[in-house]
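Record features (TrEMBL):
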DOMAIN    34-73  domain 'RING-type'
DOMAIN    98-117  domain 'C2HC RNF-type'
Amino acid sequence: MAMFRSLVASAQQRQPPAGPAGGDSGLEAQYTSPICLEVYHRPVAIGSCGHTFCGECLQPCLQVPSPLCPLCRLPFDPKKVDKATHVEKQLSSYKAPCRGCNKKVTLAKMRVHISSCLKVQEQMANCPKFVPVVPTSQPIPSNIPNRSTFACPYCGARNLDQQELVKHCVESHRSDPNRVVCPICSAMPWGDPSYKSANFLQHLLHRHKFSYDTFVDYSIDEEAAFQAALALSLSEN
């Protein structure tokens, strides 16, 4: 877990500075949300720590009783999350080259451009980091851990997939103060089965909005699986 904390600390450096430091080449990275890893969309800023996120990215954190900043983990008041108008102005003013076709695009329009840029789509299709699961008739080895269904760490309810686990915990354990081990993380190659989350519901809502098994293929070795899961975990922090 120390490795993840150090990675989160390094991610703080991606918060945007006051101006376009670093030139055009690093400008998009300076205005990239540390959650979705895309250029900010309708950015908002947390009043207590000043960290900026897409409005939609921060929504899961606002759905729990005691929200923590996804980046620095400091508590914050949901009523003191404001629209980052200064960041929106900068997004409309600054241009950066598309990482695919190299065409200069206003940062405010970068998401739309990337979604239609053939060069970017080609890069994503050829990305070696994520290996989609391909249907196969071969049986899954018996020694592969179950990463499809999980037991609720609060009450022991079993056979819940990720979405069902999120729904169950939101409905049944929203106010449960107990520190528990995340069953999804502990099933991963890098998981620590002894690490108890201080705010499991927020962790669940924020980190597990997708399935790791969508990206981690059982046919690759454990080191490759670790690296893929590590990259995905960082993108959700």
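For all residues, glycine too, the Cβ spot is worked out from N, Cα and C.
In TrEMBL, annotation is done automatically, which means it is predicted and not curated.
Residues 24, 27-28, 31, 38-41, 88, 90-92, 123 of the same chain lie 6 or more positions beyond the ends of the domain 'C2HC RNF-type' (98-117) yet place their CB under 8 Å from a CB of it. Across the domain 'RING-type' (34-73), mean pLDDT in this model comes to 89. In terms of DSSP secondary structure, the domain 'C2HC RNF-type' (98-117) contains 10 helix, 3 strand, 7 coil.
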